[in-house]
Amino acid sequence: MIGRTHMNGRVTESLIGQEVQLKGWVQKRRDLGGLIFIDLRDRTGIVQVVVRPENEAVHQLAETIRSEYVLDVKGTVLERENKNPNMPTGNIEVIASEINILNAAKMTPIPIGDEAENVSEDLRLKYRYLDLRRPALQETFRLRSKTSNTIRNFLTEQEFLEVETPILTKSTPEGARDYLVPSRVHGGEFYALPQSPQLFKQLLMVAGFDRYFQIARCFRDEDLRADRQPEFTQVDIETSFMDIEDLMAMMESMMGQVMESTLGRTDTPAKFERMTHAEAMRRFGSDKPDTRFGLELIDVADAVKGAGFKVFDAALESNGQVKAINVKGEADNFSRKDIDKLQEFTAVYGAKGLAWLKVTAEGLNGPIAKFFDETYAQKLIEATNAEAGDLLLFVASKPTVVADSLGALRVKLGHELGLIDESKFNFLWVTDFPLVTFEEEDGRFYANHHPFTMPNREDLHLLETDPASVRAVAYDLVLNGYELGGGSQRIYERDIQERMFKLLGFTQEEAVEQFGFLLEAFEYGTPPHAGIALGLDRLVMILAGRSNLRDTIAFPKTASASCLLTQAPSPVADAQLEELSIRTAIKEKK
């Protein structure tokens, strides 16, 4: 038997009485009163195949079939007596007339089903080709494919050109560490894998392409976490002559189409909420706030200043902050031990302590309540909009520590207390980022986005004298507390780009050596241009309701940037290294 008439998940009541030919894997086999039932699975779903004892040859063969065998089945579609409302094909079954075993299978080291979620991730990644057979993961990749196609079709309709940019590029100091590729032809020299197509897409604007996009593979050698991978995919977009407002409106329209095509959601707002970077940090302690719930940070400096609690006073005297979050109605649900665990959590973000108070009908209760007389207690209650039964949590430190620790605590409590409506998709634009940040350890400024972001022209006069106050013409798209992507207007004038390089610590010679091709391009009539890059893996993760980026990538790396399936990275032969003019110097492990 060759060929296939239908995919398994698409065998419906409309085919009753017809002969079909199906292919797939055995999800399970059951023997019941002489009848053999086989659940046959392909990527569209499962259909029940019935083998009757009167078909003796097929019945004998079916007795030898085990889970994950690959079958070719021919049979007639009939209505099921005992319907299964939990299956799309639950109203029908296929009475087998012929079965051919295309391939047998050993017992799999991991289950092919939801129960695989209880198996260690390392084992699932080692046998990723089996893990990917799971219907839940296959559904995620169907969603990913639909997302990519929707984006590609939308941008094509908007007259964007899809252009591929080089994978072997020049190493430039613009962000994380590069992955390097040695050149055999040019011994001792290296290519870098692109962290993004940033420079090439800007050069395409110089070339007059006007509107460009690419679903691009990118590589960053950085410390990993649940929502990061060393190789990832981004939707890369660049436009010339387009107003920032128009670009943002276009992205809003595109995301609306993605939500409708993938999840059937038609409630995505035509315009997304906007918030400045300063407001996001002030209210949520994060530049990518999850706005699906409250627990906002409250500045209580005016309410606690002078009360006599030395920790608060010392922070304020050293230009620090005292902020609180009001956990409404939870005072009785948090023991001292519970709060100690929260304190351990905030310590990871640099907080030296987590002060707390419980609000009662009589006033304030807790280890620092003695510092707040009736007047100060009332001021604090009013500042935090507190009522009896509320739990107040405080951090006093420098602004970055207050934001990081309370911002993270806010999200932790939001999840643990069930405050987040998981059915919501809250899109948000965060704007007016600072152009640069000063790192005290290095004693230098770093670009918050990248060195090619245009400073706000209103602030250009501050670039040399007060760079920390310069705003960038930059915008991040945030969804449910994740940064979906970042964009900006680009620098397109050589003198501004050179000033930016100088601010970031480049000498004139270093700037020309690293980016001379870009600086020269700016002298040949470069148009104003802007763009954005959206993380496709992260977008799919959110749409699929997943919490791990690895679930959205077919063959992902582990947290240590290794592939358990292929054992990459791995040593190579000395002859290969010699051909590449490379000698390794591995330090002995102590």
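Note: Cβ is positioned from N, Cα and C throughout, glycine not excepted.
The feature L-aspartate binding site is assigned by Swiss-Prot to Glu174, Arg220, His449, Arg490. Marked as region 'Aspartate' by Swiss-Prot on the basis of sequence analysis: 198-201. Sequence annotations record features per position, and here Swiss-Prot assigns ATP binding site to Arg220, Asp221, Glu222, Gln229, Glu483, Gly535, Leu536, Asp537, Arg538 based on sequence analysis.
Projection of Swiss-Prot feature records onto the structure.
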{"residue": "Arg220", "record": "L-aspartate binding site", "Cβ within 10 Å": "20"}
{"residue": "Glu222", "record": "ATP binding site", "Cβ within 10 Å": "14"}
{"residue": "His449", "record": "L-aspartate binding site", "Cβ within 10 Å": "20"}
{"residue": "Glu483", "record": "ATP binding site", "Cβ within 10 Å": "17"}
{"residue": "Arg490", "record": "L-aspartate binding site", "Cβ within 10 Å": "22"}
{"residue": "Leu536", "record": "ATP binding site", "Cβ within 10 Å": "23"}
{"residue": "Arg538", "record": "ATP binding site", "Cβ within 10 Å": "22"}
Taking residues Arg220, Asp221, Glu222, Gln229, Glu483, Gly535, Leu536, Asp537, Arg538, which bind ATP in the record, the widest Cα spacing (Å, whole number): 19
Secondary structure of Leu536 (ATP binding site) (DSSP, helix/strand/coil): helix
Collapsed DSSP category at Glu222 (ATP binding site): coil
Structural state census, the region 'Aspartate' (198-201) (DSSP three-state): 4 helix, 0 strand, 0 coil
His449 (L-aspartate binding site) to Glu483 (ATP binding site) - Cα separation in whole Å: 13
Structural state of His449 (L-aspartate binding site), classified by DSSP into three states: coil
For the region 'Aspartate' (198-201), the mean pLDDT of the predicted model: 97
Arg220 (L-aspartate binding site) to Glu483 (ATP binding site) - Cα separation in whole Å: 17
Cα-to-Cα gap, Glu483 (ATP binding site) vs Arg490 (L-aspartate binding site), nearest whole Å: 20
Rounded distance in angstrom between the Cα atoms of Arg490 (L-aspartate binding site) and Arg538 (ATP binding site): 24
Reduced DSSP assignment, Glu483 (ATP binding site): strand
